[in-house]
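Over in TrEMBL, the protein carries these features:
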- 252-277: compositional bias 'Pro residues' (COMPBIAS)
- 17-131: domain 'PI31 proteasome regulator N-terminal' (DOMAIN)
- 149-169: region 'Disordered' (REGION)
- 234-284: region 'Disordered' (REGION)
Amino acid sequence: MATEALFGWDLTFKTVEKDIKQKSDVIIAFIHWNLTKRGFRSIGIGDERTLSGDEEKSELLPTGWNDKENYTLRYVYEDKLYILHGLNSDGNLIVNLMRSEDLAVSNIALKVEESVKDMSGPIDKVLPGYKDLMFNVKRDLIDTITTRSTSSAQTQTVGNNTNNPRPPIEDPLRIPPRPAPGVVPENPNLWDLPPANLRNVGRSDLDPFAPMGGGMLFNPFSPGRDIENPGLGIPGGLPRGSVPPGARFDPFGPPGVGPLPGRRPPPPDADHLPPPGFNDNMFM
């Protein structure tokens, strides 16, 4: 299994071993080998972000790939241009892989002295931790950026397929349209108005098309209230629960007499505002 995973490394390293100048070169060569295994092809050095179409693709590192302290290599994968940047900084090698099309970037950082123990010999001697390094390069540097591209392509393919249309995405900030007068919304939504047959308090204040009455003031004697004998046992014809048990209550009408069905109840006996000149000798 280990031999299959390392297939091609010996050949790649033999082609650049004579060009190795510093330990970070070994890491770049190892990353290059991982890229070619995944289908990347080298097209030279530099940071030019356009393709002319006549680039020569190769599995080998280009001439002059490590002539400078830092690295800039160009690759092609699935007809898209990728640029590999390697920056040496305080004993660390920071590697970025950028897709030129949308500037998507993946990166890893390695400690050179801890990663590379020798600059020649078998991989166990040169890169003792090559298994972890191979895993990190695949997960953090390659898969991160190539999977993102694949997911985007799949989304566009599904979105353009008219045979399997995707449902529209609901916007949580969108205010739903106002229901037409008399239409009862099927979906109970907090933003929608209550059904018209619900005798709720304050409906006419929310719906200008609602019939008159039923505003913010609650009318216990409104026509059609579904209560059983609202005046039973309660003076003044008040609904059940209007007077707490044991509370003092001064009736404003004959006890046990409630409003007649279909008729507006009479107003209370407002003796506190008698007409001018009126005297019923009430306080004699």
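Using N, Cα and C of the backbone, Cβ positions are placed for all residues, glycine too.
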The domain 'PI31 proteasome regulator N-terminal' (17-131) resolves under DSSP into 28 helix, 39 strand, 48 coil
Whole-number mean pLDDT, the domain 'PI31 proteasome regulator N-terminal' (17-131), equals 93
